[in-house]
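Reviewing the structure listed below.
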Amino acid sequence: MSPREKADLPTSGSSTSHLSTAECPSHSGSVPECDDKKRVSEEDDRGRKEEETEEEEEDERNGDEGFMGMTPLLQAHHAMERMEEFVHKMWEGRWRVIPHDVLPDWLKDNDFLLHGHRPPMPSFRACFKSIFRIHTETGNIWTHLLGCLFFLCLGLMYMFRPNMSFVAPVQEKVVIGMFFLGAILCLSFSWLFHTVYCHSEGVSRVFSKLDYSGIAFLIMGSFVPWLYYSFYCSPQPCFIYLIVVCVLGLAAITVSQCDFFATPQYRGVRAGVFVGLGLSGVVPTLHFVISEGLIKATTIGQMGWLFLMATLYITGACLYAARIPERFFPGKCDIWFHSHQLFHILVVAGAFVHFHGVSNLQEFRFTAGGGCTEDGNL
Ligand SMILES: [Zn+2]
């Protein structure tokens, strides 16, 4: 009998019965009501026993399946989820900066920055919220986040300049647009990398590759308008130099995809790869100076700005590779003015100087008109 069927039966004390079993005589075979009552009572007892057995069986089953019918594995999974939720909340609001020596190996990059590091925070929300907190990456994030917004605005303003200020508006806007694209990609990959760098080893690895590729994009993008205006009347060398810088840039991007490239031991190699890519511009520069003469090259050719741009980038790369000034003041530049931040500022400054030089070249081309002299020079 199932507990449900049993529940439908009248119980010994039920008001539906006129007599209780206690009121029936022990040999009450002659009293039909008592016989019925006894039968019901016996069935009742049997039902209760069956129910108890079923409950015991169910208890045994529950013993196997755990609380609320969940297996111990499921319970552990739920507990883990609750724990993760709790830890996420902690990361989002209550994390504290930690010293360099307790960082996991994958977060250890610069051992001259002794304190003020973010702990590993495997939550993108927590990483993005950390933009507004003070730690070793705050300066790195903001220098390139603001730089990115600056070049975005400058690029949009440039693209919406009236067409009558260009000799060949569409072509020139595409060419200068390449520089803006390179700068915006470089700066946005950079601030994103510095923001999510502490998320996890995998995320940091992916974004560091994007960050390095961004530097190559900036260098390639910078070459395009400079070569276009400097070799305006000699399209063949212009085209060859463009191909060469693209091949070298793609080679730099390829090498940045190797995991070893991002390790602290390869800091010098990284700086060398990008300085080398930038210095590939020495060949077209010498070509330009030889064909135009030093005076024309420095005045019309904007060599001064080009030289300043190279100085800014190379200084930044040297500070980055040698980790100056924190090398001389360990623990004093943890939050502000460490080498990476100075390198970031110098990159933004270098890109702006380059843009200034290129826009002067563009202005000269507009004033001179689209024509070229017979010797194929400027
Ligand atoms: Zn950086």
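Glycine too: its Cβ is placed from the backbone N, Cα and C atoms.
The region 'Disordered' annotation in TrEMBL covers 1-69.
According to TrEMBL, the feature compositional bias 'Basic and acidic residues' maps to 34-51.
Among the features that TrEMBL reports, transmembrane segment is placed at 141-160 (among others).
Taken from TrEMBL, the feature transmembrane segment covers 175-198 (among others).
The Zn(2+) binding site annotation in TrEMBL covers His194, His340, His344. In the three-state DSSP reading, His340 (Zn(2+) binding site) counts as helix. In sequence order, Asn110, Asn140, Tyr320 are the residues of the chain that are 6 or more apart from His340 (Zn(2+) binding site) and have a CB within less than 8 Å of its CB.
Long-range neighbours of the transmembrane segment (210-228) within the same chain, counting only residues 6 or more positions beyond its ends whose Cβ lies under 8 Å from a Cβ of the stretch, are 172, 175-176, 178-183, 185-190, 192-193, 238, 241-242, 245-246, 249-250, 252-253, 256, 261-262, 270, 274, 277-278, 281, 284, 306, 309, 347, 351, 354, 357-358, 361-362. According to TrEMBL, the feature transmembrane segment maps to 210-228 (among others).
For 240-262 (among others), the entry in TrEMBL reads transmembrane segment. Through the fold, the transmembrane segment (240-262) approaches residues 205, 208-209, 212-213, 215-217, 219-220, 223-224, 227, 231, 269-270, 273-274, 277, 280-281, 283-284 of its own chain, all at least 6 residues removed from its boundaries and within a Cβ separation under 8 Å.
Using a Cβ-Cβ cut-off under 8 Å and counting only residues 6 or more beyond its ends in the same chain, the transmembrane segment (269-290) has close neighbours at 212, 215-216, 219, 223, 226-227, 230-231, 237, 241, 244-245, 248-249, 252, 255-256, 261-262, 297, 301, 303, 306, 310, 313-314, 317-318, 320-321. The feature transmembrane segment is assigned by TrEMBL to 269-290 (among others).
Look at TrEMBL and you will find 302-322 (among others) tagged as transmembrane segment.
Residues within less than 8 Å, Cβ to Cβ, of His344 (Zn(2+) binding site) and separated from it by at least 6 positions along the same chain comprise Gly139, Asn140, Thr143, His144, Gly147, Ser190, Gly316. When Cβ atoms from all protein chains are considered, those within 10 Å of His194 (Zn(2+) binding site) total 26, not counting its own. The Zn(2+) site, placed at the center of the C-beta atoms of His194, His340, His344, has further neighbours from the same chain whose C-beta lies within 8 angstroms: Glu137, Gly139, Asn140, Ile141, Thr143, His144, Ser190, Gln341, Phe343.
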